[in-house]
Amino acid sequence: MKVLAAGVVPLLLVLHWKHGAGTPLPITPVNATCATRHPCHSNLMNQIRNQLAHVNGSANALFILYYTAQGEPFPNNLDKLCGPNVTDFPPFHRNGTEKTRLVELYRIIAYLGASLGNITRDQKVLNPNALSLHSKLKATADILRGLLSNVLCRLCNKYHVAHVDVAYGPDTSGKDVFQKKKLGCQLLGKYKQVIAVVAQAF
């Protein structure tokens, strides 16, 4: 499902991710002006690189924390249960122009943010005592929100991009316990894989 994103998207995504819903955001008009809520920082690309380096550096630890918390059969069947087999994940082309890479990064962050919201919601029910996992998921989502805001600032101020089509992953609310755990593991495996490529591209 696709929606249009504009300057108000960071705030809407904060609300969207907080509740972990899998439903799309309201549609923003195509002719929306390119405006950000706050002035952009002068060292924006450095901030984007630092945020990418941070999430890249913590992605593997989050992945391990996740599959360990799920218990058997996950830790001993990572290739089968946690392989990054997510077919609708937004693509990224590391050799594209900066504008193209930023647009693709925006789509990836929006997808990941909604996915982390779903994973966090599920884990609070399935593994209520896995507090370190909950904390790590929240910290990652917080960094991604800041990254999304910075990417939007850069797109708006330098390239006058007023909207970006974004898509969200599957909502897990109707799935059984095992499928919720498996999909979360696959998404975090994909996240770990993709964020490493993205971080090197900037």
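The backbone N, Cα and C atoms fix where each Cβ goes, glycine too.
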Cys82 - recorded disulfide partner, Swiss-Prot, among Cys156, Cys185: Cys185
Of the candidates Cys34, Cys153, the one sharing a disulfide with Cys40 in Swiss-Prot: Cys153
Spatially closest candidate among Asn85, Asn95, Asn118, the listed glycosylation sites, to Cys34 (disulfide bond) (Cα to Cα): Asn95
Nearest of the recorded positions (Asn85, Asn95, Asn118, Cys185) to Asn56 (N-linked glycosylation site) - Cα to Cα: Cys185
Lowest local Cβ density (other Cβ within 10 Å) among glycosylation sites: Asn56, Asn85: Asn85
For Cys153 (disulfide bond), the number of other Cβ atoms found within 10 Å of its own Cβ: 21
Spatial neighbour of Cys156 (disulfide bond) that is closest, considering only the recorded positions Cys40, Asn85, Asn95, Asn118, Cys185 and their CA atoms: Cys40
